[in-house]
Amino acid sequence: MAEQSYSSWAYSLVDSSQVSTFLISILLIVYGSFRSLNMDCENQEKDKDGNPSPAGAFNTNTNNSIQTIDSTQALFLPIGASVSLLVMFFFFDSVQVVFTICTAVLATIAFAFLLLPMCQYLTRPCAPQNKISFGCCGRFTLAELLSFSLSVMLVLIWVLTGHWLLMDALAMGLCVAMIAFVRLPSLKVSCLLLSGLLIYDVFWVFFSAYIFNSNVMVKVATQPADNPLDVLSRKLHLGPGVGRDVPRLSLPGKLVFPSSTGSHFSMLGIGDIVMPGLLLCFVLRYDNYKKQASGEAVGPGNMSGRMQRVSYFHCTLIGYFVGLLTATVASRIHRAAQPALLYLVPFTLLPLLTMAYLKGDLRRMWSEPFHTKASSSRFLEV
């Protein structure tokens, strides 16, 4: 009986829902980090050529779209997230429609950004990259228009059906866009941000029930919202068959994957992907900067020493995988929701700090990792 129970527990770790969560979260972090690096490479090439592109939608004018988090913002972000969580907990019924619409708009833009490289590849043989003017709205390429149209279509289908797979697709777009457009400037800011979010995650998952008689984090994450079409139908007193049979919507603030038996879903919040992803993005940019500044090729074979052959990105990515695995095991053991950042933050930050100390880069990475004049970066295909 004990062996059967153990085998059942071990099988749950390799269930399709868990495997999907692991693979997708890691792929999103890697892809978002390389999209961010490519944006930096493109901007450096444009600055070097002295030929900045006109304003556009998703892949142009990115310098104005990139948000760099400073120390003050890193300290206050967990506080702001806590206030937002309480607002959603106490006033969800009042703000759910507005919040759903805002989320749908942001998800539309983010998913269009996710689709853009594919649309550029598809339209490259049949159309030039000339921009089409839409007056005060700006000028857009055919690829940008195609990606935006596909994104709008997917959001509309999601609103009509509420299918979990479409919600996951929108959440993936949000993850990639946030990793690509938000920057951590130094290791100090990274530690401040992730440490604060670890405390935030632990408090709202483990201790909020003692104060609010409910697990605030879990309730907000899993609470479905009224469909805007249903609300509009009731407000306008339309017929019972008009907009009344649409489902309630589970908002794309998380990734969910069903098990092979369909008995349960595996869930991972996008914050557990984006926040470690910002750290991975930072170390990837530093790896690239260090290689370019020292005049080395991108391949690790040109780096001397066993320690030098392991990049910060690979080390931190392995730590993320181990941390996610540990969080999954802990949730199975305790049979309760776990604050994933409790495991992800130590397993990503501690190996990174140790490796930076051993390589002699800790002082530079801590304060001003990119303080010297940036050299031209090699464009990396994604």
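Think of each number as a place in line: the chain as shown, counted from 1.
Placed from the backbone N, Cα and C atoms, the Cβ positions cover glycine too.
Listed in TrEMBL:
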type	residues	note
TRANSMEM	20-38	transmembrane segment
TRANSMEM	74-92	transmembrane segment
TRANSMEM	98-119	transmembrane segment
TRANSMEM	140-159	transmembrane segment
TRANSMEM	165-184	transmembrane segment
TRANSMEM	191-212	transmembrane segment
TRANSMEM	265-284	transmembrane segment
TRANSMEM	312-334	transmembrane segment
TRANSMEM	340-358	transmembrane segment
Beyond the flanks of the transmembrane segment (74-92) by 6 or more, those residues with Cβ under 8 Å of it: 99, 189, 192-193, 196-197, 199-200, 204, 212, 214, 216-217, 219-220, 223, 225
Distal contacts, the transmembrane segment (265-284) - CB-CB under 8 A, six or more residues away: 15, 17-18, 20-21, 25, 28-30, 32-34, 36-37, 69, 164, 171, 174-175, 178-180, 182-185, 187, 190, 193-194, 197, 201, 221-222, 252-259, 311-313, 315-317, 320, 323, 340-341, 344-345, 348-349, 352
The transmembrane segment (140-159) touching the transmembrane segment (191-212) per 3+ Cβ pairs under 8 Å rule: no
For the transmembrane segment (140-159), distant same-chain residues with Cβ under 8 A (at least six beyond the ends): 56-59, 104, 107-109, 111-113, 115-116, 118-120, 122-124, 127, 129-132, 134, 166-167, 169-170, 173, 227-229, 246, 249
